[in-house]
Amino acid sequence: MDSYYKNKKKINFSKMHGLKNDFMVINCIKKNVFLTSHIIKKLSNRYTGIGFDQLLLVEKSNSLLTDFHYRIFNANGNEVEQCGNGARCFGLFLLLKGLTNKKKILISTKKKPLTIEFLTENMIKVNMNEPDFKFYNLSSLQNVLDNNFSIKLMNENLICNLVSIGNPHCIIKVQSIKNAPVNIIGNNIEKNPIFPEGVNVSFMEILNKKHIKLRVYERNVGETKACGSAACAAVAVGIAQKLLSDTVHVELLGGKLIIIWKGFGTPLYMVGPAKHVYDGYIYI
């Protein structure tokens, strides 16, 4: 057995989750860790691997302006720009491992930097920056109403809203999320050629101006228990269309988040929990 591990590399990790959106988190600050998409796929398998929605890498910052660098990989091995639930777990990991003692930190990502603020040990506030409603070239979409777009799907025109929270989101308003065909529609929209890099698809049920329910199909993953950036995107759409107030409780399958946005020209904030599950190590 010892000979089996002799030429393999040992990697320590933590298993964490934010509203049951679960992650494998690796500290890469002192030791560079390179995992191929093939290895990430194997590790993400819930039957033969660790099992997770996303892999998070904690890296040292390459700038004096930020404290750490945050990298995210989906279960299929593709690197993505953003993960809101992951950001809270990333912050908690830094606290638990003694990597920071600050109450507020700034982290760089593949796109815009994020500010993470520790309200309590397990309740974390993230500045997700201002939502971007103009990130797509919408020439291929029919402009129906202000910020409403029509996508042809299975011979029908589906009305949706597009917004970026550092990653792309398609928001569909429904009367009830209970029977929404999340995986069927989500998979079809994700593969639509107008989204060459894919898109996260969310189904939003507005209960009142301060409370929504949400189900999410994450690109390259499928339906998940929760998605922080999707919650931000859905609330941003609702506020932009004057359907929601500036503070909204978002009820996802895995739990609840609070999203705060004062409107255009201001950053959007996400408040929610993060949980450490266990520590472990693997040989690859």
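The backbone N, Cα and C atoms fix where each Cβ goes, glycine too.
Here is what Swiss-Prot says about this protein:
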- N21, Q54, N74, G84, N85, N167, N200, E218, R219, G228, S229: substrate binding site (BINDING)
- C83: active site, proton donor (ACT_SITE)
- C227: active site, proton acceptor (ACT_SITE)
- Y278: site 'Important for dimerization' (SITE)
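Listed binding-site residues: N21, N74, N85, S229. The one with the lowest count of other Cβ atoms within 10 Å of its Cβ is N74. Secondary structure at R219 (substrate binding site), as computed by DSSP, is coil. C83 (active site, proton donor): 28 other CB atoms within 10 A of its CB, across all protein chains.
Note: the substrate site is recorded as N21, Q54, N74, G84, N85, N167, N200, E218, R219, G228, S229; in the same chain, D53, I72, V80, Q82, C83, G86, V216, V221, T224, C227, A230 also have Cβ atoms within 8 Å of that site's Cβ centroid. Here the Cβ of N200 (substrate binding site) has 27 other Cβ atoms within 10 Å, regardless of which shown protein chain they belong to. Closest to N21 (substrate binding site) in space, going by CA atoms and restricting to the recorded positions C83, C227, Y278, is C227. Its Cβ taken as reference, the residue listed as 'active site, proton acceptor' is surrounded by 34 other Cβ atoms within 10 Å in the chains shown.
Straight-line distance linking the Cα atoms of N85 (substrate binding site) and Y278 (site 'Important for dimerization'), rounded to a whole number, equals 17 Å.
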